[in-house]
Structure formats: structure tokens, C-alpha cells
Amino acid sequence: MLRRHLLLLLLLFSFVSVALSAHCTTVTATKTFQKCMNLPTQQASIAWTFHTHNATLDLVFFGNFISPSGWVGWGINPSSPGMTGARVLIAFSDPNSGQIITLPYILDPTVKLQRSPLLSRPLDIRLLSSSAALYGGKMATVHNGAAVQIYATLKLTPNKTKIHFIWNRGLYVQGYSPTIHPTTSDDLSSIATLDVASGTAASQSGGIETLRVIHGILNAVSWGLLLPIGAVTARYLRNVQALGPAWFYAHAGVQLAGFALGTIGFVIGIRLGELSPGVEYSLHRKLGIAVFTLGGLQTLALLFRPKTTNKFRKYWKSYHHFVGYACVVMGVVNVFQGFEAMAESGSYAKLAYCLGLSTLVGVCVALEVNSWVVFCRKSQEEKMRREGLIGVSEKESGSYS
């Protein structure tokens, strides 16, 4: 019993030590800083001292490697809260000596999405000094989870104490060229605006994350569910004579509601692109534009629908069916692309959508089987009637007498 209690105490102390280590600190092996702050993602933090008399900033960034061959970096964007245009310091293991080194980089549009390799070059901001150290001293090595401290001394513009701070980490370094970082939600939200004088920070991820969730919900409901439901309504209810023209109004109402919600989701998606410079989901974006275009063409087609007696009616129906089904299929595919973009591949949201979509598919299969059974039965009866195996009903014969 005593051993069990001692074991529980040791576990408790270990949890407490881990919790305390997660808090920011102003003390390092070489310097002591005045202020510190936990950053909202990647369990990162910073500590700094701002010298108001000469506008000099001493800063250290605390981060963790996610790969033995990876990199960790932080930087300042002098123009906007975003990755593109940032001036950064990136630490990684020197491929020649194996020692931890820090090199400066500029994230201009030419290296966006690795279209060209990221090469080190001098910064156009006043960087007075920089260095990096692994937690554990000179004997420490880069490994998965290794803690690193990246120091810098910067000369800021007088009376401008607010900076756009960014940070991130990646899996590989090719020579001295860091490769692109992962694109999970945390990795895309590692941006904050910091006032080094007051010590306050405004995370840029909160508003963007809310827009991402709204964008995802609206598009999943509209393009991913309402438009398929509208197509099912037209295909299987139009032959129910008891409904009369009600099937058409139901079909048009559901499609218009889906297109309206989808338009709002599309506009939010465009806004998200503007708020996330340097982040681009090429396939998701192209599919979104294509789906919105096809949905707009379908909506406009209602205004130019020929009458049933018009000779162009059959061509309009072919166009309407082709564009409609293309819009539905591409919309569903793009919803799954959206889950991938939001790193929600294994989330309950995706599970809920899959359950809703599979239920709709199951209903379609059942209705399709029923339609074929009815069609085959009517075809058999018509064949037997032509062959004289069954007679005309009394109601039908009475109508001709």
C-alpha cells in the first residue's frame, strides 16, 4: 500500500512539473527577460525585454522540433499579420557540422507553397544579433520533441511597439532550405499581433477559425446536402401523379435555398483567402469556383425554361440534367476536400456529414429499385396486353363504348 501511495505521489509530481513547464518563463541559461507570454498554438512561448530609450527589443522564442531533420522558426511581418512578407529566423541542425544554427529568411511570394526553394538572405530589418540553443546544453541533439530557444535583438521603429509575430515548424530541411510546414489548423493559425511595450497580444486565429467553421457548415449543408436532396426530389417525385406540380415547387425551393446558403459560404471562402495570405488550397478553391458557377447557371436556367410544347425543350432538359448532376457531384467532392483542408478528416463533423450523405444515398437506392420494379411491371403488363394475354379493364373498355 505504501509503495502504491509513493507511486501516485511521483505521478502527481510529474504531472505538476509538466504543467509548470508549459507556462512561459522569463529566465534562460544566458539571459533574464522582463515579460513572457504563451502563444496560442504549438505549445510555443516567447519572452522579451523592450528598451524604450533606444527602441531595442531583446526576444527569445521557445519552440519544439517535430522531426530530427526538421526546423523551428519565428519572425516578424512588418506589413500585415500573415506569413507572406515575414522576416524570419529559422533554426535547424547544420547538415555539415550537426550543430544547431540560425539563418535569416524572407518569405516573399516567390517561395509561396514551395514554388521555389527558400534560400537564406540578409533581412531588411535591423537585426542586431541572433542565435539558437537546444534545451540541454551543448550535448543536446535535435530529435522529435527537442526544445529550442531562438534569440534575437532587434531595433524597432521609435513609437511603433506593435509587431505582427509568426512562428512555425517543419519536418525537413533540404541542405539549408527549409521545406513547407504542415497545414493543420494549428499550423495555419500561428500568427499573433503583439504590443511589446504593454505585453498584450491579439491572436489572429480566433476570427479566422470562426469564419472557417461557418464556411464549412454552410457549404456542407448547401452544396453537400440540400442540392443532392433537390435533385432526388425532382427525379423520384415528378412521376407521382397525386402530387401534381408540387414536386416542381419543392425541387425549386430546395435548390434555391441551397444555392443561397452556398453563395454565402462561397463569399466567406473568398474572404478567408484574403485573410490568409500565403495559404492556398488549389484544388478546393478551383472546385469551389466551378461549383458556384454551375449553381449560378442552374439558377439562371429557370428564367429561360421553355414551355413543354417548345421544340427546344428537350435540349434545355439535357442541359439542365447535365449541369445539375455535375454541380451535385463536384459539390460533394469539394465538401470532402474542405474537411481535408480544415484537418478534420477524423472529426465528428465529417462523421455526421457522412451519415447524412449515406442516408440520402440509401434512400436513392431504395427509390431507384422501386422505380425499376414499377417500370418492369408496367412493361410486362403492356407486353401481355399487346399479346392479348390480358384484356382491357372494364373502365377502359367502357370509355370507348
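Glycine is treated like the rest: Cβ placed from N, Cα and C.
Note that the structure is a prediction, hence the values are computed from the model and not measured.
Now, the feature entries from TrEMBL:
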- 1-21: signal peptide (SIGNAL)
- 42-170: domain 'DOMON' (DOMAIN)
- 177-376: domain 'Cytochrome b561' (DOMAIN)
- 213-234: transmembrane segment (TRANSMEM)
- 246-268: transmembrane segment (TRANSMEM)
- 288-306: transmembrane segment (TRANSMEM)
- 318-339: transmembrane segment (TRANSMEM)
- 351-376: transmembrane segment (TRANSMEM)
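When the stretches 213-234, 288-306, 318-339 are ranked by Cβ pairs under 8 Å to the transmembrane segment (351-376), first place goes to 213-234. Among residues of the same chain six or more beyond the transmembrane segment (318-339), those with a C-beta under 8 A of the stretch's C-beta atoms are 215-216, 219-220, 222-224, 227-228, 231, 262, 281, 283-284, 287-288, 290-291, 294-295, 297-298, 301, 345, 347, 349-350, 353, 357.
DSSP places the residues of the domain 'DOMON' (42-170) in helix, strand and coil in these numbers: 9 helix, 64 strand, 56 coil.
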